[in-house]
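K.L.:
The structure that follows is given in the form of structure tokens.
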There are 2 protein chains.
Amino acid sequence: MGVGYICCTSSSSSSSTLLTYKPKQLFNLANPTTTSITSQSHFKTSTNFYSISCTSSSFLPLKCGAGIDIRETQDENTSNPMMGIHNINPDLLQQMVYDALVWCSLHGLVVGDKSVQNSGIVPGVGMKHAPFALLPTSFPQTQWQQACDLMCIFNELIDRVSLDGNFLQDTLSRTKRVDVFTSRLLDIHSMMLEIKKKEEIRLGLHRSDYMLDDQTKDLLQIELNTISSSFPGLGCLVSELHSNLLNHYGDHVGLQSGRVPGNTALTGYADALGQAWKEYNDPRAVVMVVVQTEERNMYDQHWLSTVLKERHAVTTIRKTLAEVDSEGELLPDGTLLVGGQKVAVIYFRAGYAPSDYPSESEWEARLLMECSSAVKCPSISYHLAGTKKIQQELAKPNVLERFLENKDEIAKLRKCFAGLWSLDDPHAVRDALERPELYVLKPQREGGGNNIYGNNVRETLLKLQDGSEEQAAYILMQRIFPIASPTFLVRDGICHQDLAISELGIYGAYLRNKQKVIVNSQSGYLVRTKVSSSNEGGVAAGFAVLDSIYLT
Amino acid sequence: MGVGYICCTSSSSSSSTLLTYKPKQLFNLANPTTTSITSQSHFKTSTNFYSISCTSSSFLPLKCGAGIDIRETQDENTSNPMMGIHNINPDLLQQMVYDALVWCSLHGLVVGDKSVQNSGIVPGVGMKHAPFALLPTSFPQTQWQQACDLMCIFNELIDRVSLDGNFLQDTLSRTKRVDVFTSRLLDIHSMMLEIKKKEEIRLGLHRSDYMLDDQTKDLLQIELNTISSSFPGLGCLVSELHSNLLNHYGDHVGLQSGRVPGNTALTGYADALGQAWKEYNDPRAVVMVVVQTEERNMYDQHWLSTVLKERHAVTTIRKTLAEVDSEGELLPDGTLLVGGQKVAVIYFRAGYAPSDYPSESEWEARLLMECSSAVKCPSISYHLAGTKKIQQELAKPNVLERFLENKDEIAKLRKCFAGLWSLDDPHAVRDALERPELYVLKPQREGGGNNIYGNNVRETLLKLQDGSEEQAAYILMQRIFPIASPTFLVRDGICHQDLAISELGIYGAYLRNKQKVIVNSQSGYLVRTKVSSSNEGGVAAGFAVLDSIYLT
């Protein structure tokens, strides 16, 4: 199915609708903005089930760019938040999509288009709008507040865990034997322990991701990212986009712009980087962003550098790990020079995945940076503290108590922990073999899309039952069944209507020096929404769009 | 020569340099931002001549995204505005280009990329940065002020000429016989004269284009656009881009950000449209932008609609001429409905070229609109008042006096008129046959690139010497030889260094009702810069980039 016309798709158990622009060659209308829809949607609003009747011959011409007089229909859909979108007027929908696409283009809510050469290398070529949800995802106020409140506790927890070198080494010792990547990180960590390297200025830019369990409405943590937390820039823009759309169309869809929380992710991250730079206390030093060779999400990063420059007059340089290796130099006092420039803060937007280290050169670079006096975001300890194995260890009884004193805070953290077990927990493994649909098997290695669901959980567990070391490469996690809601997902200029599930990420910033904590804050949020796969009933790989939330 | 590497090009008599990003497959460096340059540039700064020695084996690696500590070299290049750029540090240049590309991407300085399908139809897909000059073009303060001062006089002149139906018809009567497009416009104009149609609210959004003659430094008018004056949106952004770049790098290149004049083109046009909408006095009516079927410059237009919405809460709809024909309806009181929506203001961003009227349908639409009570921008009279033939007639002795009283204003206008003659002026034609290099032969039809230069002037004149009606399809104009300056032109992510000439456009907005003039203002500016062709010594077709000015 190509860009430029309208059609119905059906997956195994659900249908979806694509709305897009009709090119003149198809319908012989010299009209760039006329659109059609082939389907009529009927949502049963009392349940999560919906059906779409496809009538592929009934092209209803929609006007795109057509103005809507908001006053005329002000009394429509004023109650039932998020219910109104089910029977949204197709003209209105098309107009909203068009306006949203324009908004993205004018306001830098863009990514590189992989079909265009150099789009991940040269800025300003091969751009397209970032994929987004047309409307924010409904989210209960209480759980939102809960997620926000947790962030500062997690920030503090990560810092304390990072200081306990033995805890990190011990907990990851079995993983080390089966996971080469974690092993290399641990090697660097060991070297730092040996030379008694102290990180006096510690900067964490984290993102803690959650889902809401459909049945219990519990807020459950999916993971805590301590390296390369992405989308502080584009995420803020999506919140702005949604506020803007609801300012214009809110009355029509029964949603109030004021219920989209303000998003401070970008300024929060920029300010933390700026303050870390200030702590380093060398006006000539720069912030170095460690980047991948090709990066189609470069604009998210450029937003951060731009705001850092605007708000703190701090200059950013961008270097790959290979460049850091070839251009990097450590002065006797620990100062890191890269290409002759003194580096105050190293901000990693690469280095979190094994593929970022194709040769020894990249590991050399990582070690060089770790040995330096530059502020690392993250340090090797912060990086390790964010691994899934550590997450699972922290969920064990009495482990949080090792790092935190406040009983109330410990209780709050524990409340958001999903069930997490290692594969040497016979009770958990037995249950997962019996009811694999209630579990997810997560490999230690980073990068989504590797999780194992359903019958594959049983098969994999059986394979690993010989007590092999390989067990340590996985953790077992409670399967979360989030609420699936009808959603308009917009990608490549096409609006696609489908059932989707959302993941809420809360950004956190933490900065301290030898004496005191300078920053410990919840800094904005990110929602990613994906089409829910009927096979899995969980998170489907791919087709994630950026989103924001609507407080209910 | 493709995107992604650096090379030397040579045209008939000049060489040029391309700076761009080196892909790793060429140089085997996993570095997205490393660049090279194959040429060393040596400008003779005392003249306009420059030479480039190409040493294609000497790749000098440049760092892109590398930070520059502005304080370190603050004392460099602080005098001689625009001279410093000749020996600009290649690292610095590369950094500026990179920053500029990022700035464009984040701030909506974008156009559709014709190599990507649907990029002229669907917003948000197939975007790339608009082509731009890296630095503003030097322009003398006196001539800048002169150009600004002229705008309100031209605005008033156009309004008065538009009211003189007989002048328009008489002056264009010979053109009518040989130019079908002008003939059709005149037919509509005649019908309006017959029915005594009065335009009580008259809105003009003009742009008067000038070049500076190299020898005399005279400011000479190229043309006055009364329809579809483009780039009020992107033009402003280029001024902002240049201010921003000079804020960061001004000390390095010896240029001060404050010397780039603030550009109010976007708000000026939006405010005039908003006020015209208010004059129409129907809160439910919309502004209709008449657009082409495909429009890769759509973002310029979207900026205008966005600011109109933000500043005046006015809704915009976009319609092609064919759509206006099929959906348009005239109520007995003259109200124009399009797709059921009442139209207060018709803003043409199409309809200026014969190709915009592929069938009778489009002419029907134009007539329908002209018959309506909507404010037309422009009306048929304003459109005709902007034709080259009228420009030439106004340049004749005693013609301006027919429309304006103020002798001082008349003198000011006349001072900027280049020599303009019709082909029935035997004296001018004789001279042009003898010295064709001093003339340009301009066809009446719109859309650049059709001008005739050099020996072709003589050949065409000889062909037309039989006194044929065809003569009336052309006007003869004094050839302007503008200053050619070394310039960095950036297109498709590539920085190209070449000699270039610039054209300054001044935007003007004019609005009046039955009683009084409501708006008569100079509203910002646009500079377009093109590589100067050594063959022509004048404007080469293509490769125009957006630019701004630097007052000297």
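Quick reminder: no glycine exception, Cβ is built from N, Cα and C everywhere.
Grabbed the feature section from TrEMBL, which reads as follows:
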{"type": "BINDING", "residues": "B:Arg207, B:227-230, B:295-297, B:Gln301, B:349-352, B:Arg528, B:539-540", "note": "substrate binding site"}
{"type": "BINDING", "residues": "B:Glu223, B:Asn225, B:Glu446", "note": "Mg(2+) binding site"}
{"type": "BINDING", "residues": "B:Glu223, B:Lys388, B:442-451, B:Tyr453, B:477-480, B:Glu503, B:Lys530, B:Glu536", "note": "ATP binding site"}
{"type": "DOMAIN", "residues": "B:285-385", "note": "domain 'Glutathione synthase substrate-binding'"}
K.L.:
Within a 10 Å radius around the Cβ, which one of these binding-site residues has the most neighbouring Cβ atoms: B:Arg207, B:Arg296, B:Arg479, B:Lys530?
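P.N.:
Highest number of other Cβ atoms within 10 Å: B:Arg207.
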K.L.:
Quick one: DSSP breakdown of the domain 'Glutathione synthase substrate-binding' (B:285-385) into helix, strand and coil?
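P.N.:
With helix first, then strand, then coil, the domain 'Glutathione synthase substrate-binding' (B:285-385) has 43 helix, 26 strand, 32 coil.
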K.L.:
For B:Asn225 (Mg(2+) binding site), which of the listed binding-site residues (B:Arg207, B:Arg296, B:Gln301, B:Lys530) have their CA atom within 10 A of its CA?
P.N.:
B:Arg207
K.L.:
Three states by DSSP: which one describes B:Ser228 (substrate binding site)?
P.N.:
coil
K.L.:
Sort the binding-site residues B:Arg207, B:Ser228, B:Arg296, B:Tyr352 by C-alpha distance from B:Arg479 (ATP binding site) and give me just the closest.
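P.N.:
Answer for the nearest of the binding-site residues: B:Arg207.
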K.L.:
Between B:Arg296 (substrate binding site) and B:Lys530 (ATP binding site), what is the CA-CA distance rounded to a whole number of Å?
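P.N.:
Checking the Cα atoms of B:Arg296 (substrate binding site) and B:Lys530 (ATP binding site) gives a distance of 19 Å.
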K.L.:
Ten-angstrom check, please: count other Cβ atoms within 10 Å of the Cβ of B:Glu223 (Mg(2+) binding site), all chains counted.
P.N.:
19
K.L.:
Just to verify a number: CA distance, B:Gln301 (substrate binding site) to B:Pro443 (ATP binding site), in angstrom, no decimals.
P.N.:
28
K.L.:
With the cut-off set at 10 Å between Cβ atoms, which of these binding-site residues ends up with the most neighbours? Options: B:Tyr352, B:Tyr453.
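P.N.:
When each Cβ's neighbours within 10 Å are tallied, B:Tyr352 tops the list.
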K.L.:
Return the single residue from the binding-site residues list (B:Asn225, B:Ser228, B:Ser230, B:Gln301) that has the minimum number of other CB atoms within 10 Å.
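P.N.:
Sparsest of the binding-site residues B:Asn225, B:Ser228, B:Ser230, B:Gln301 by Cβ contacts within 10 Å: B:Ser230.
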K.L.:
Please compute the mean pLDDT of the model over the domain 'Glutathione synthase substrate-binding' (B:285-385).
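P.N.:
It averages 98.
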K.L.:
Counting only residues 6+ apart in the same chain, whose Cβ is under 8 Å from the Cβ of B:Pro443 (ATP binding site)?
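P.N.:
Non-local contacts for B:Pro443 (ATP binding site): B:Asn450, B:Asn451, B:Ile452, B:Ala473, B:Tyr474.
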K.L.:
Are there binding-site residues among B:Glu223, B:Tyr453, B:Lys530 that sit within 10 Å of B:Arg207 (substrate binding site), Cα to Cα? If so, list them; otherwise say none.
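P.N.:
Taking B:Glu223, B:Tyr453, B:Lys530 one by one, the ones whose Cα falls within 10 Å of B:Arg207 (substrate binding site) are B:Glu223.
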